[in-house]
Amino acid sequence: MAGLMVGFGHYTHAIVRGIPASLAKEALRSSQSEVDVVNARREHEAYVEVLGTRLGLEVVELPADESLPDCVFVEDAAVVCGDTALITRPGAESRRRETEAMKGALKDLNLNIVEMTDENATLDGGDVLFTGREFFVGLSKRTNQRGAEILADAFKDYAVSTVPVLEGLHLKSFCSMGGPGLIVIGSSEPAQKALKIMQQMSDHRYDKLTVPDDLAANCIYMNLPNKGHVLLHPTAEEFPESVKVFEKLKDHMLIPVSNMEKVKVDGALTCCSVLINKKGNI
Amino acid sequence: MTTESGTDSEAKQPQENKETEKAKAAAEPTSPQNQPEQLPAAAGHSTPARTEQERQEEDLVSHRSSTSRLSRSPLRGVKKVKIMQCKVTLLDGSDFTLNVEKRAKGQVLFDKICDHLNLLERDYFGITCRDVENQKNWLDPSKELKKQIRTGPWNFAFNVKFYPPDPSQLTEDITRYYLCLQLRDDVVSGRLPCSFATHTVLGSYTVQSELGDYDPEELGSDYISELRFAPNQTKELEEKVMELHKTYKGMTPAEAEMHFLENAKKLSMYGVDLHHAKLVGSLYECLAPAEGEDSEGVEIMLGVCSSGLLIYRDRLRINRFAWPKILKISYKRNNFYIKIRPGEFEQFESTIGFKLPNHRAAKRLWKVCVEHHTFFRLVSPDAPPKKFLSLGSKFRYSGRTQAQTRRASSQIIRPAPLFERSSSKRYNMSRSLDGAPIMENHETLMKDSAADGAAKVIAKGDIITTVTTEKKAEEEKAEQEDAQMDAVEMPEPMATTPLRQDTKSDADEDSEMRTQTQDEKPAGEGTKEEVEPKVTEAAGYLVKYVVDSIATDLATSSGPHGISLSTTMDDDVFMDGTLREVDEKTPDSQEEVSERAEMKVSPGAVRQEVSQAISDKKGTLIILKEAEDKVDTEGKETSAADEEEAPVVPGEAEAGENEMLSKEKEYIKEDMSVVLEAKTTVVKTQSPTMEIKTDDMTQIKGSGSPKKAMASWISEGVKTDASEVIGVSTKQVKEMKTFDAMQQKAEIFTFVKEVQTEQSKSSLTQITVSESSSTSLSVSTLGWVSSSEKASAEPEERAVVATETEAAPVESTGPTSLDAVEVGTKEMPVVHTETKTITYESAEVDTNGDVDPGVLLSAQTITSETSSTTTTTHITKTVKGGISETRIEKRIVITGDTDIDHDQALAQAIKEAKEQHPDMSVTKVVVHKETEITPEDGED
């Protein structure tokens with residue numbers, strides 16, 4: 001019946017958040033670049049459109065908060081698996097309050113909320129890779145051991161392995177799931193090394209899909225009724241070579257989603273939504 | 001509690017025999033499955049299996065008479081048998097009380113319990129008992145109960161030892177039922193953490209299994225709170241469970257259990273045996289330290305499971321070492337080490353150390369690792385011929401692998417047994433199945449063992465108080481016994497290693513477990529082909545194997561790093577040089593080959609090597625598959641030979657390891673260790689000729705105390721010829737020398753490689769030369785009997801055939817080694833020890849006589865270890881004068897104390913060797929005993 005760990009990629013709901021004008025100047029970023037908020041919003045609208053209209057998810061859209069320039073990147077504020085939602089404690093001080101709205105939205109969805117209250121713990125959802133069988137948590141500038149421990153506590157059924165993130169912002173800055181047992185990974189050395197570690201740590205075997213660009217390795221995989229395998233990936237405009245690789249995935253419905261503006265503030269595709277599966281949970 | 005029993009038929013027999021029989025009896029009746037497996041072995045044998053046994057027994061007798069040391073062996077004709085009452089806590093929480101003889105082995109108790117439970121698929125289970133520290137220890141089925149229980153009443157628990165990764169593959173529902181019971185306890189006790197959702201799912205299946213369909217009328221509304229599902233069970237959980245339960249109407253108990261298991265098996269901690277430890281030494285690169293943190297001394301948990309070793313820090317997995325990744329596992333004092341195969345980007349092996357709370361914990365962890373590796377990895381799925389299976393059936397429970405047990409259970413034909421599932425009552429009591437109070441707190445789980453232990457203490461407090469110093473001392477001894485094992489090799493299962501290795505040897509303090517890489521072998525195969533052209537053309541069949549690897553075990557190694565690399569000699573250290581298989585091949589390829597070989601060098605006080613002779617008459621066969629591929633080698637294959645060897649090749653590229661294990665008893669005396677070496681040589685002949693030689697050597701040496709007084713060697717050699725044939729014996733070269741040299745160089749892995757390479761090259765050269773060599777024929781008709789007679793008659797007459805002292809480990813490694821023909825034994829006496837070696841050979845066939853080594857086709861050495869023994873198997877194939885001969889030489893080192901019956905151990909070793917190679921004969925047995933001259937010696 002309600003078997004555990006079944007239905008990887010099944011989602012019914014998505015939580016997203018608007019882009020505040022403050023994103024342009026105040027959002028954290030690793031490179032100095034100007035963000036065009038208008039373009040970013042247009043981009044984000046298209047993204048939400050794909051989730052809601054095209055894929056049929058029920059989208060919960062939280063309002064932007066000008067005092068939280070990074071709030072559009074909701075992924076970092078919560079980790080949802082099954083019927084449990086872990087409200088994180090983001091590594092960046094300026095982002096801590098982003099969790100408040102997120103917590104409210106998740107509560108409304110009747111999820112079991114687990115909060116990370118330990119003041120020594122930090123965790124960004126962007127460092128959490130859930131493969132359907134286990135978690136990998138990147139230990140990065142934003143996520144520490146304690147945060148990972150709390151995550152492990154919240155999701156006891158699964159193995160939680162830590163992976164050092166030596167370069168890049170988050171673990172998922174260079175990888176993501178491309179399907180059940182399929183890890184999309186960038187080709188940079190740190191990315192490949194991280195993959196090796198993940199493979200070593202796992203009891204399971206994963207296939208890998210290596211793409212030339214690390215940033216292109218951040219995709220959103222879903223397995224939806226009537227649609228099968230769906231993969232949201234960056235556009236050919238941004239990463240032509242990587243897209244060629246995605247196009248080899250014959251079984252997937254491939255949906256290119258532009259992310260040119262948000263990437264300037266280190267936002268990737270997965271960053272902009274929290275996906276939830278309300279069915280199938282007890 | 002002890003009572004006397006009347007005349008026991010067994011009691012009349014000499015104890016050794018008795019024990020042997022018991023062990024046998026225990027093993028045989030136990031599982032019907034065994035029978036089929038044994039048959040092939042017997043069939044392949046020239047003589048009936050029974051006869052063999054008898055012969056062996058005779059051997060035992062003779063041995064005993066021949067050795068003064070043996071005088072200590074148990075008296076004959078003892079009629080009094082002490083009976084002990086055992087209380088076993090079963091998986092459903094009930095206690096089962098039964099009586100067993102005090103001297104009975106663990107297997108006897110285990111079988112009785114399984115019989116009581118009507119359980120046929122037994123190999124996944126085991127018996128635990130609590131030690132003084134209240135830690136759970138697995139009973140060794142092959143050891144006497146009384147030696148494993150030093151204090152307190154004989155209380156045990158029946159538990160799942162090896163959690164099948166896929167329970168649906170179990171044959172019987174009843175087996176799954178017991179597994180479910182174990183898991184329910186694991187869950188309730190918190191050892192198996194799971195989420196709320198999982199608790200509800202598992203709980204609902206439990207309810208369905210135990211109570212059947214949801215029926216409010218009959219069950220009432222509160223029926224569920226009588227059951228325990230979680231460490232901290234809430235009303236909410238119970239309600240959810242009930243909700244799910246309602247949806248299961250019509251589901252049978254067996255189905256519900258299957259669902260339960262399907263869910264449970266996915267839990268990340270399913271079947272993971274956790275051990276507390278701290279990191280020692282350098283940090284492996286994959287370990288992720290918290291920022292600014294020194295990895296040294298970090299508290300971690302080591303989890304042993306079917307796939308390997310997991311390392312946790314708090315709840316986080318910080319590393320994982322799959323069995324194939326592990327080259328060696330060892331422990332010393334309270335340290336536990338794993339040697340890791342170099343990864344893609346690393347050039348060198350690395351050793352990671354962990355500090356356990358104490359020596360016992362380190363040993364316990366080590367043993368569990370050895371057992372899990374053996375059970376889950378050792379037999380490849382496409383296992384070879386039945387012959388191999390026969391091996392399994394002989395072995396003790398701990399040695400039977402999952403593959404074997406699956407095969408065996410597939411033959412279960414009985415109708416599904418009826419059994420009751422009403423075990424819910426146990427949950428009413430606030431105790432877990434093993435008697436420990438249920439921990440309400442999940443959080444403690446990761447710390448399970450400790451927490452568990454503490455709990456136990458309370459429960460069995462009385463026991464603890466009874467511990468006396470003396471007993472402790474005994475325990476120490478016991479520990480040593482167990483600990484003896486030094487190294488166990490971990491052959492990759494994938495490789496077609498049909499054999500199991502579950503040898504355990506105990507070293508005084510540390511033990512090592514080695515993993516053999518299959519990689520080593522694969523290379524060989526490929527290479528061989530290359531070689532063929534040359535050799536084959538000329539002689540018609542020349543394939544060569546070069547032995548390159550050397551494994552050394554240390555009983556005691558100095559320093560944390562000393563285990564594998566150190567060359568230092570410690571008085572207390574026992575050294576063992578083992579050769580690992582290197583593949584032969586063309587000179588070119590050799591380098592590659594050699595790379596794979598590993599070396600272990602251990603500083604041992606004593607090191608011995610046994611050389612063996614191998615004679616082959618048509619080389620082709622022996623060559624395994626390669627031979628086939630090659631020139632049609634003379635076509636004939638000896639049945640036995642092929643079967644045994646063939647598997648190796650077929651395996652994957654990696655295949656190639658043949659391992660033979662012999663089990664031994666462990667003996668350990670505090671200060672003394674007995675080394676038993678058994679060499680078995682198997683010769684396969686092509687058509688008409690067949691020869692088998694076996695050499696067994698026993699060495700007893702004193703280790704423990706700095707003074708090792710003397711060592712005496714007794715070697716017996718028996719040579720038998722297979723009926724058909726004329727055996728041509730060629731002396732094979734076994735080079736201790738080589739080994740030694742290698743060992744010396746072994747300090748660094750790299751060095752080893754070089755050495756090996758050298759060797760292999762040299763050997764190749766040699767081969768060519770020898771091709772022309774003459775052949776000597778020997779027909780030996782002596783069976784075991786004869787050999788034994790000889791042995792008894794004049795055990796010591798035969799003097800030392802060849803003893804070499806390895807004072808200087810370095811001997812010429814090069815070509816010379818090949819040339820050297822050794823009688824069979826080379827020894828390196830330790831300074832303090834005196835060594836005597838006596839060799840008996842049934843036939844005149846002496847290696848010595850033959851100067852001509854013949855053409856060496858292949859040589860391979862495999863080492864395996866159990867807690868008590870180290871077994872080194874050296875397989876050499878030679879072609880001489882158109883006749884190929886395969887010799888298998890086994891060297892078994894038993895470290896033990898005088899309490900143990902060495903004769904029996906030797907007999908057992910011989911027996912096993914014969915069982916493993918039914919078509920070969922034992923031609924030579926060399927027993928080397930090393931004894932300490934201390935007062936204790938007198939006892940013996």
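Including glycine, each Cβ sits where the backbone N, Cα and C put it.
Feature list (source: TrEMBL):
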type     : residues                                                        : note
ACT_SITE : A:His170                                                        : active site, proton donor
ACT_SITE : A:Cys271                                                        : active site, nucleophile
BINDING  : A:Leu28, A:Asp70, A:Glu75, A:Asp76, A:Arg95, A:Arg142, A:Val265 : substrate binding site
Remaining residues near the recorded substrate site, that is with C-beta within 8 Å of the centroid of the site residues A:Leu28, A:Asp70, A:Glu75, A:Asp76, A:Arg95, A:Arg142, A:Val265: A:Ala27, A:Phe73, A:Pro90, A:Ala92, A:Glu98, A:Asp124, A:Gly126, A:Asp266, A:Gly267, A:Cys271
A:Arg95, A:Arg142, A:His170 as recorded positions, winner by CB count within 10 A: A:His170
Subset of binding-site residues (A:Leu28, A:Asp70, A:Glu75, A:Arg95, A:Arg142, A:Val265) lying within 10 A of the residue listed as 'active site, proton donor', CA to CA, in sequence order: A:Arg142
Which listed residue (A:Leu28, A:Cys271) has most other Cβ within 10 Å, given these are recorded positions: A:Cys271
Spatial neighbours, same chain, of A:Glu75 (substrate binding site) - Cβ under 8 Å, 6+ residues apart: A:Gly125, A:Gly126, A:Thr270, A:Cys271, A:Cys272, A:Ser273, A:Val274
Other CB atoms, at most 10 A from the CB of A:Val265 (substrate binding site): 23
Residues that sit under 8 angstroms from A:Asp76 (substrate binding site) by C-beta distance, when 6+ apart in the chain: A:Asp70, A:Thr88, A:Pro90, A:Arg95, A:Glu98, A:Asp124, A:Gly125, A:Gly126, A:Arg142, A:Cys271
Local backbone state of A:Glu75 (substrate binding site), from DSSP in three classes: helix
